[in-house]
Amino acid sequence: MADGTVEYVDKNILGDELHRMPNGYYRSPQFLGTLAVGFSLQILYIGPSTQITWVATIWTMGSSIGFLIVGRLSDLYGRKWMVMSTTALGLIGCIIGGTARNVGMLIVSNGCNGLAAAGQLSFGIVLGELVPNKYRGPVMAFVFLTSVPFGVFGPVVARTMIENMHQGWRWSYYLGIILSVITLALYQFLYHPPTFAQLHMGKTRMQQTKKLDWIGIPLFTTGCILFLVGLSWGGTTYPWKSVEVLCTLIIGVMTLVGFFIYEEIYFCSVQPLIPPSVFRNIGFVAVVTCATVASMVYYSLTVLWPTTISTLYTTDSIKVGWQSCVIGGGVVLGQAMSGLAIAYVPRLKIQCICAASLVMIFITSMCSLSPDRWANTVAFGLIACTAVGYIENIAITCVTLLWEPQDIGLASGILGSIRALGGSVAQALYVSILSNELANKIPVYVSPAATESGLPSESLPSLFEAINKGDYSSVPGINESIIASVEGAVAKAYTNSLHYVFYATIPFSCIMFAAACLIPDVQKYLTYNVAKRLQDNNFHKVNTELNEVEIQAGEERVYTMHG
């Protein structure tokens, strides 16, 4: 294992070369059912779009903590009950969200869903160890393509439900309930990965539990919570310079630093949550860095794209939804392309460098967006998101190749947690920049435009309140001509403010490009070896017969040579 320990495992859980796998293995109900679970897990990721800060923050908090812990524990205790538990937690979260009567219930709901996401988005782990190394990329591409109905058209579906269905946004949770039930059934009856007894022969669950990192887990959890709470407070609940925000952020960061010191400098005398060897693997660090920074750049679009479209191009809700499909569509397209390229196109490092270059070029080009350049904005956003998706699937697949099969959950969990934390930092940064720039620019542009069009100066305070609400009816002295002038000035303020947000992505793009140059060549890992196999007596029987035939054939060859 990554921490240097050796475990004795049941030989029946081990995979083999593709040609030695049991006949019909990949057409069996067990494997096809597991593949179907991967499809439904993609869809479970969706949820209602909301502006309530804590509803979004609690989800990020849960997923940041959950990815690493769930990934590591699934390596140690087995995948099935870990993913079933998280899916059941997601079902509970969707039930609470679907019946929510206040914001508190929504916060609890998304807290459950955030933790559940760590297991629900584990299809890279679940499927990665069940297929030949060479085909991990294409299988991931296929799974990502099944997310098109919601991953791409989710904005339109959500806005249509809100406007045309009686229960509105609650249907986002109802869909989650339906899919969670289906997923639980598939897991229960068709997904049979190696059990704990097979993973740790001669060891009990209690013995394994005693060796858990009971100091590292609380340190990591506490650090993440404090850090993300500080980010969520900054610029909204409290000013960034306030004692509340600074203390929470500093204590959170110091706790995370303490966690890494504890893990990396051998204070940990049991199985560490993150073994010291992990961050000594330069290739792995490069993959995680590249994926994390790519997601941070991507957040500049996914967080602000609806605002960009609705303020600069159209206020029609459905049109905003359709144009928001650019983001999800580009990412899924890139994920599908890279999944195939991993297996069939050589020089993975060159692929990553090219994708990072495209992200850098076209995200930087977003600094030129304006109300009269809609086509350019959409094209730049689509190409940038496609390149981000390309890098993302390379990362998801590569981290499962760079470590031994027993550490796939750990590697994927580290990637997921760091990406989630990086995304939170990016979101807070971009929203803060946009808010500060708008606070400065809206008065500068709107005040002269309104007064020159005939609005009394004493009506300006009411006008600024109306801009925030989107309703000008309560502004004294307002008319259609003034509204047109004000909306033009607001669009100009947003345009210039958004430019600064995209300026902020340039340093991240440079870091991503540098990390892409260190991506390792995984060609040597793209063998036909299968890491683990689903457990079924028929598979074991067929494989035993195959081994006996090979042994007999070998004996006959030996007899012929010496005869």
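Any Cβ shown, glycine's included, is placed from N, Cα and C.
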Per TrEMBL, which of 29-46, 425-442 is transmembrane segment?
29-46
Averaged across the domain 'Major facilitator superfamily (MFS) profile' (1-532), what pLDDT does the model get? Just tell me the whole number, please.
80
Cβ pairs under 8 Å between the transmembrane segment (212-231) and the transmembrane segment (377-403), at least three:
no
What residues elsewhere in the chain lie close to the transmembrane segment (82-100), defined as a C-beta under 8 angstroms and at least 6 residues from its ends?
44, 47-48, 66, 70, 73-74, 106, 108-113, 115-120, 122, 126, 170, 172-174, 176-177, 180-181, 183-184, 187-188, 191
Counting Cβ pairs closer than 8 Å, which of 106-127, 171-191, 282-301, 500-519 has the most of them with the transmembrane segment (377-403)?
282-301
